[in-house]
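Below is one structure; the comments refer to it alone.
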Amino acid sequence: MARFKAKPPSGAAEKPKNPKPTAAERSAYFARREAAKVLRSVLQGDARRRAVGSIKSLVYSPSIKNKKATFAIVCQTLKHLPIVKDVLETANILNSRWKRQEELVYIITYDILFGQEISFIGDAEKFLVQRKSSLRSALARLLVRKKVKSIEDLIDFYQTPDVSKPRYIRVNTLKLDVDSALIELGKQYMVQKDDLVPDLLKLPPKCDLHNHPLVMNGSIFMQGKASSMVAAALAPEPGWEVLDACAAPGNKTVHLAALMRGKGKVIACELNKERIKRLQDTVRLSGADNIEVLHGDFLSLDPNDPPYSKVRAILLDPSCSGSGTVAERLDHLLPSYAAGQAANIDEAERLNKLASFQKKALAHALSFPQVERVVYSTCSVHQIENEDVVKSIVPFAASHGFQLATPFPQWQRRGLPVLEGSEHLLRTDPVEDKEGFFFALFIRKDRTMVHQSSKPGRTIRDSSHLSSVETKRCLHRREARITIPILFSGMFKRQLYCKPKSRLN
């Protein structure tokens, strides 16, 4: 006998169905999970004191879809992280399952306590929203412990003031000329050319260009002034073979390719496999087809191997403390910064290890047989990573025919006076310039005017093997010595080809 389900009376209420999530709810759901992935990378890198990338570089990688929302979530969660952690510990509501997803839990807890209303989309959201009263009770107890009267006072207790700086944009001249970029950006913003780096534009602080079409298609790159000065100081020529020794995330790499007008070759070396993809994405976005990405250790490269024996310029921007860009990198939001680790014994040990690696890397860069120019740069304010590294390497550099030269002689801020020739080194100030960089330029004496004879110890000066263009280039470099002070030899003696009219800094 057939069975039929009885229909409810027409007046009876039907069981409500779960409402379909709105577009805003779905967007928030996915943004929280993208933010959790970024937050995991940031916190793990901070705990190991070896970051995969800055907060900004991780958020604005191509793999992140909703960049603006993700950036806001990550920054706000980090700003409130000490409070969030304390509340969760006091509430004691997490089981082993949710402890394995702690970054997502941090983000949702922030939203419940300080942010927007949380919908019930997602298991983690449902779990924490159901325990909202426990979380808020724990927050109230935290107010009492910290002896503050309001949540606003508690937030202020943990806050670090923001640092405002101009927005710099480097025009990717492989895709767009500077004047066209100036006109296009000028439709929305006040834009002016930088007075030092030819392809750099300056915009007002806090201009949000991350979704601008010119950024999305790689015609312009958001890159700080000091960072843009590094490749410009190396000044590779079209047709050269150039090596970027520690290349990721790749902004300087693609700048080199643009300065070379896409001619020659840039070898972009990167050891960290997690950063290789970011480097490849940057290269792809730039449109440069003369960049070869190499996953490997720069120190393991044999300078005499055929792939590297013709390298004529090396950009060495090795791992460093990043102490000059804590505001730009948002490092002041990290747990290690809040805990004051920058001044402890572990940090001193870390700086010593970094300096040891930096010295090895710089000496290795100066060992390539055909290299003519080497730039050593850091985004550090510490003398141990900057002047001390250069000072220890100068005798080795001199034995290989290198001398210090003066990049951007019109720049006021120079190296600390702890070595003879510190005026040739360049610093930017984290307060005055909003970021603290350091770099030194080494050039090999008369490389293009010298070739070795078959007899050991004999050097013949001859320009017959050079083209007319190369000859003019050599003459230009000779003339440059008249105006740019150069140091060389173990005695740091100054050599000028004529008596200068005035001393240049």
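Every residue gets a Cβ built from N, Cα and C, even glycine.
Because the structure is a prediction, the values reported are computed rather than measured.
Summarising the annotation, TrEMBL assigns region 'Disordered' to 1-24. The annotation domain 'SAM-dependent MTase RsmB/NOP-type' is assigned in TrEMBL to 157-445. Under the heading S-adenosyl-L-methionine binding site, TrEMBL lists Cys246, Ala247, Ala248, Pro249, Gly250, Asn251, Lys252, Glu270, Asp297, Asp317. Taken from TrEMBL, the feature active site, nucleophile applies to Cys379.
TrEMBL feature annotations superimposed on the structure.
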residue: Cys246; record: S-adenosyl-L-methionine binding site; CB count, 10 Å: 20
residue: Ala248; record: S-adenosyl-L-methionine binding site; CB count, 10 Å: 26
residue: Gly250; record: S-adenosyl-L-methionine binding site; CB count, 10 Å: 29
residue: Lys252; record: S-adenosyl-L-methionine binding site; CB count, 10 Å: 26
residue: Asp297; record: S-adenosyl-L-methionine binding site; CB count, 10 Å: 12
residue: Cys379; record: active site, nucleophile; CB count, 10 Å: 27
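Each residue contributes its Cα atom, and for Asp297 (S-adenosyl-L-methionine binding site) and Cys379 (active site, nucleophile) these two points are 21 Å apart.
Binding-site extent for S-adenosyl-L-methionine: residues Cys246, Ala247, Ala248, Pro249, Gly250, Asn251, Lys252, Glu270, Asp297, Asp317, maximum pairwise Cα distance 19 Å (rounded to the nearest whole number). Note: the CA-CA distance between Ala248 (S-adenosyl-L-methionine binding site) and the residue listed as 'active site, nucleophile' rounds to 14 Å. Here the C-alpha separation of Cys246 (S-adenosyl-L-methionine binding site) and Cys379 (active site, nucleophile) works out to 13 Å.
Looking at Lys252 (S-adenosyl-L-methionine binding site) and the residue listed as 'active site, nucleophile', their Cα atoms lie 13 Å from each other.
A distance of 15 Å separates the Cα atom of Gly250 (S-adenosyl-L-methionine binding site) from that of Cys379 (active site, nucleophile).
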